[in-house]
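Per Swiss-Prot, the features are as follows:
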| type | residues | note |
| --- | --- | --- |
| MOD_RES | THR15 | N-acetylthreonine |
| MOD_RES | THR15 | phosphothreonine |
| TRANSMEM | 69-93 | transmembrane segment |
| TRANSMEM | 134-155 | transmembrane segment |
| TRANSMEM | 178-200 | transmembrane segment |
| TRANSMEM | 255-275 | transmembrane segment |
| TRANSMEM | 291-312 | transmembrane segment |
| BINDING | GLU367 | [CaMn4O5] cluster binding site |
| TRANSMEM | 447-471 | transmembrane segment |
Amino acid sequence: MKTLYSLRRFYHVETLFNGTLALAGRDQETTGFAWWAGNARLINLSGKLLGAHVAHAGLIVFWAGAMNLFEVAHFVPEKPMYEQGLILLPHLATLGWGIGPGGEVIDTFPYFVSGVLHVISSAVLGFGGIYHALLGPETLEESFPFFGYVWKDRNKMTTILGIHLILLGVGAFLLVFKALYFGGVYDTWAPGGGDVRKITNLTLSPSVIFGYLLKSPFGGEGWIVSVDDLEDIIGGHVWLGSICIFGGIWHILTKPFAWARRALVWSGEAYLSYSLAALSVCGFIACCFVWFNNTAYPSEFYGPTGPEASQAQAFTFLVRDQRLGANVGSAQGPTGLGKYLMRSPTGEVIFGGETMRFWDLRAPWLEPLRGPNGLDLSRLKKDIQPWQERRSAEYMTHAPLGSLNSVGGVATEINAVNYVSPRSWLSTSHFVLAFFLFVGHLWHAGRARAAAAGFEKGIDRDFEPVLSMTPLN
C-alpha cells in the first residue's frame, strides 16, 4: 500500500484516530473508530457501507411515505394547504396531481397512492439495508468487482460519479415528462387564477436558460430564483438533464486529467467533503427559491411570499379606500409620498407606503392591473375583479411570518392566531441544514487535506486525558 503513490501526499489518506487500516471487524481496535463514529468504521468494508447507505435510503423513503399518509389523513379540502401545516402535499399538488382550476383539490387519492408507494418501497430498501449490513459480504471487490472500489482508484471514482450524474439527469427528465406527457403540472399563471396544464412550448434557447445564471442575485434581478414561467422551468430541466447525462457518460468513459489528479484529494473523506459542499449549496439555493419564488412554489399551496403578502395588503386597502371615495392616484401619505401609489426609481407606478421596497413583486393576481408603465390607474379604477380582491385579502392575512413555537402573524397579532407558513418552515429549515452541511464540509475537508499531507493523526488514544480520570460511577 505504501508504494502506491507519493508518501507525502497520499499516505495515510484515511484519517484514523489510532492504529492502521484493517479489513476485518468493525470495532475500535481494527478500524480506529469507536461505534459513535458511525460509517467511519466501514471505510474499507464496501459491502457493509452499502448496507448503511441502503438502510439510510429506506429511512428517508419511509419518512416520506409515512408523513405523506399523515398529511392525507389530516387534510381538510375546504381549507388552503398552507393553513394546515402541510409540506409534502403542496409538492404533489404543484406536480398537478389531484388539482383543479384555481388550485382547488378535487381528488386526494393520488396523494394516498404516493404515500403507499413510498412506504412499500421503503420496506424493500429496509430489507436490502439490513441484508447488506448483517448478512451480505463485508467487501464487494472480490465477488462483485463492478460494485467494488478502492477510494484511491481515481478512474473508478469518476465512473461512480458518472453513474450518479446519469441518475440525476434521469430525475430531471422525469419532471419534463410529467409536464409534457403525463397530465401536466400546476401553472399559477394560467388565466383565471391558476390551473393544471401540459407544457407544450418549451424554452430551449440557451441564451434564455443560461441568461438566468448570469443575472445578479440582488433586487429585481434575482438570479435563477427570478424564473416566473413554467416553460423556462421545464426547459431548464431539459438542459440540466441533458448536461447531467452527457457529463455522466463523459466521466464513465474518461480518466481524470493530470491537473485534476494533482488538484484534488482522492480519499473517502475528501469525497464526503465535496458532497457536503454540494448539498450545502443546493440547500441555500432551495431556501431562496421557496422564500421568493411563487411559480415553482405556487402561493395557492405554499401561501404567499413575504413581498406578495405585503403588496396584497397595500392592494386591499387601495380597493377599500377607493370604494369610500379616495382618489388613489393623488392621495398623499404621511411622508409626503403617494399614500396608495408612487413611482419606483425607474419610473414605474408602484404601490406606495412601506411596501414600496417590494415593488418588483410579480404575482398572478396583480399582473392584469399593470400597463406599460407599471400599475395602470384606469385599470385600478375600472378593472379590479372580485377574485383579485378575495385573493389579496387572503394573502394579506397569511404572511409568511411566525416563530418556532407556531405563534403566527405579526407581533401585534392576537394569541389565538396560530399560523406559520410552509414557506417559513421550508426556507428556514433548508437554510439551517445548509449551514450545518457547510460546517461539515469544512470539517471533513480539513481532515482529508491534513491526512493527504501526512500530518493529521488525531488524538492518541493511549494518552487521552479521559483515560486517567476517575470513572463516573
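Using N, Cα and C of the backbone, Cβ positions are placed for all residues, glycine too.
Contact counts against the transmembrane segment (291-312), taken as Cβ pairs under 8 Å, peak for 69-93 among the stretches 69-93, 134-155, 178-200, 255-275. Among residues of the same chain six or more beyond the transmembrane segment (178-200), those with a C-beta under 8 A of the stretch's C-beta atoms are 93-97, 99-103, 228-231, 234, 294-295, 298-301, 364-365, 387, 391. Counting only same-chain residues 6+ beyond the ends of the transmembrane segment (255-275), those with a CB under 8 A from a CB of the stretch are 10, 13-15, 43, 151-152, 154-155, 157-158, 440-441, 443-445, 447-449, 451-452. GLU367 ([CaMn4O5] cluster binding site) falls within a helix when secondary structure is assigned with DSSP.
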